[in-house]
Each structure stands twice: as structure tokens, then as C-alpha cells.
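Notes for the one structure printed next.
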């Protein structure tokens, strides 16, 4: 059973049977899962608050607002699955009941398999957000005709359906070629290698696409800011300080967007490819390889913490939603305090009478 625990691997990646780790490796492995639990717990709170703020944005929702809401929802889904996985793994390590461990190992297999399917969704939403912004800059007059809320919802539904159908197709192919009913044997070898290579290729392709889109967004926005600055300078014969401010803001935003792809999604894509390569080989894996794999998987989860900060800080409509949410909370707290004071006053008067 210790071998089963040793095989349970990084967050976001189904536990496809690493060889037995040393005692030190196990301690590091468990510590990383605890660290991951802390990280994803913070992310869950962030995205839950973010969804509440997005709900209070100005109506009707525009395409960008819909995309950001879907991004927060999919981030929250991934983080909840990741937290459940890490919590279950830590429970398995501390449990002394073999039957309890076996049951929870199957739970980990199933949840991480769902997590493998869902981990693509935030990247899909991020890609659509970039495409939306590029269209808004490229076709400002035709944007409202080209990008409607109904079209955005249809595209998102189709994208989610493709992810779900692909996920189901892997299971159908597995069921058609095996008669294994054991949970640990089901999530092994051919199924894991094929699905991991699919994830590695998909995430790598989308990471590259996101970097290209960030470059296009920068060039388009830079050209518009430059043209606006030249027009104002000709009209006033002065240097437009507002253009410089917009320029700096644009650079910071693009660097932030590109940074999330490079820092968080690229390691995750590499991790999928590395794990697929290791799973398809018949050799033992070192503690260093296992720990490195766990670290990269955990780093990928940090993306869910950055998205609410990125869009909450940079977009005025999201900031407006936060302001309305805070105002509502203050009013609720204030009315509760007033009611409490009134009840205390009534109680005091009744006592004195």
C-alpha cells in the first residue's frame, strides 16, 4: 500500500504510478502536498470573492465580462479539485487502515482524472480573452457586431464540449481494450500515456498561441496609443504624458499576461510531457525526478491565484464590481450593528420600566 501512495503524484496530474520513493522522498512529497493545500485554499477564497464581485458588475454583461466570469469559475473548479486531491493524499499517508487507504486511492485516481480534464479550461478562457481584446482593437467599429454575448456563450459551450468529448473518448478507448475492474489498474499505462501526451501537446500549443496573441495585442495597442499620442502632440504642440502612462500600463499588462503563461502554464505542459515519457518507460524514477514533478505541478496551480489579481487590478469594470460588493457588505454590517444597538436600547428601556 505504501507503493500505492508513492505512486500518487502531482496536483493536476493523475497518479500514474511512480515507483517507490525513499523515506526522505515521502516526507518531501507530503510536505509539498501540504504546501499545495495552502496555495489552492488561498486561490479558492480569491476566486470565490472574484466571482461575487463579477456578479455585481454593471449589467448587461459584455463579452469580456462573460469570459472573465468563466475564467474565475473554471479556476475555482480546478482549485477545488486540487485541494480535494491533496487533502486525500495527506489522509492516505496518515491512515493506518489498509482498506481505508485502498478506497481513498481510488478516490484520488478519479478526482485527479477529472482534474486532468478540467485543467485545460482556464487556459481556453485565457486564450479567448486575448482574442476578444485583439478584435476590440482591430475592429473597433464592427466589434459589437462581430462579438456578441450569444456568440461568446456558444463558442465557450462548444469548447467545453470538445474538452469533455475528448475526455470521454479516452475512457471509451480504454474500456474497449481492457477488462480490468481494479481502479489502480484502470488508470495505468496505455490510458495514462495517451492522455498525458494529449495534454502535453495541447497545453504546449495553447501556451505558444497565447504568447503569439500577447505579441499581437501589444503591437496593435502600441500602434493605437502611438497614433493617439501623435495626434494630440500635433494639436497641442506638447508631449502627451497620458500617452506615456498608457504605454507603461500596456507594457506592464502584456508582461503580466505573458508571465503567467511562461511561469505557470509552461512548467505544467513540460510536466505532462515528462510524466508521459516516464510512464511509458520501464525504469525506476529518482526522488529528485519525483519531487521536481510535484513542484512543477504545484507551480501550475498558482495561476489560479494570479488571475483574480490580474483582472481585478487592471480592468475598471471589475474594480467597480469589487466596490459594489464592498459597499453591500458594509451596508449589511452597518444595518446589523444598528439593529443590535436598537435591540439593546429596547431591552434597557424595558428593564428600567
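Indices start at 1 and increase along the chain as displayed.
Backbone N, Cα and C define each Cβ position, glycine as well.
Curation plays no part in TrEMBL annotations; they are all automatic predictions.
According to TrEMBL, the feature domain 'G-protein coupled receptors family 1 profile' maps to 46-311.
Per TrEMBL, the feature transmembrane segment maps to 28-55 (among others).
Taken from TrEMBL, the feature transmembrane segment applies to 67-92 (among others).
Within the same chain, residues 12, 63-64, 67-68, 70-71, 74-75, 77-78, 146-147, 152, 155-156, 159-160, 163, 199, 202-203, 206-207, 209-210, 213-214, 216-217, 220-221, 224, 257, 260-261, 265, 268, 300, 303-304, 307 sit at least 6 positions outside the transmembrane segment (119-139) and bring their C-beta atoms closer than 8 Å to a C-beta of that stretch. Residues or ranges marked as transmembrane segment by TrEMBL: 119-139 (among others).
Residues annotated as transmembrane segment in TrEMBL: 151-170 (among others).
Sequence-remote contacts of a segment are chain residues at least 6 beyond its ends whose Cβ falls under 8 Å from one of its Cβ atoms, and for the transmembrane segment (196-219) they are 13, 16, 116, 119-120, 123-124, 126-127, 130-131, 133-134, 137, 166, 170, 250-251, 254, 257-258, 261-262, 265-266, 268-270, 272-273, 275-276, 279. Residues annotated as transmembrane segment in TrEMBL: 196-219 (among others).
What TrEMBL records for 254-278 (among others) is transmembrane segment.
Here TrEMBL flags 290-313 (among others) as transmembrane segment.
Taken together, the residues of the domain 'G-protein coupled receptors family 1 profile' (46-311) have an average pLDDT of 80.
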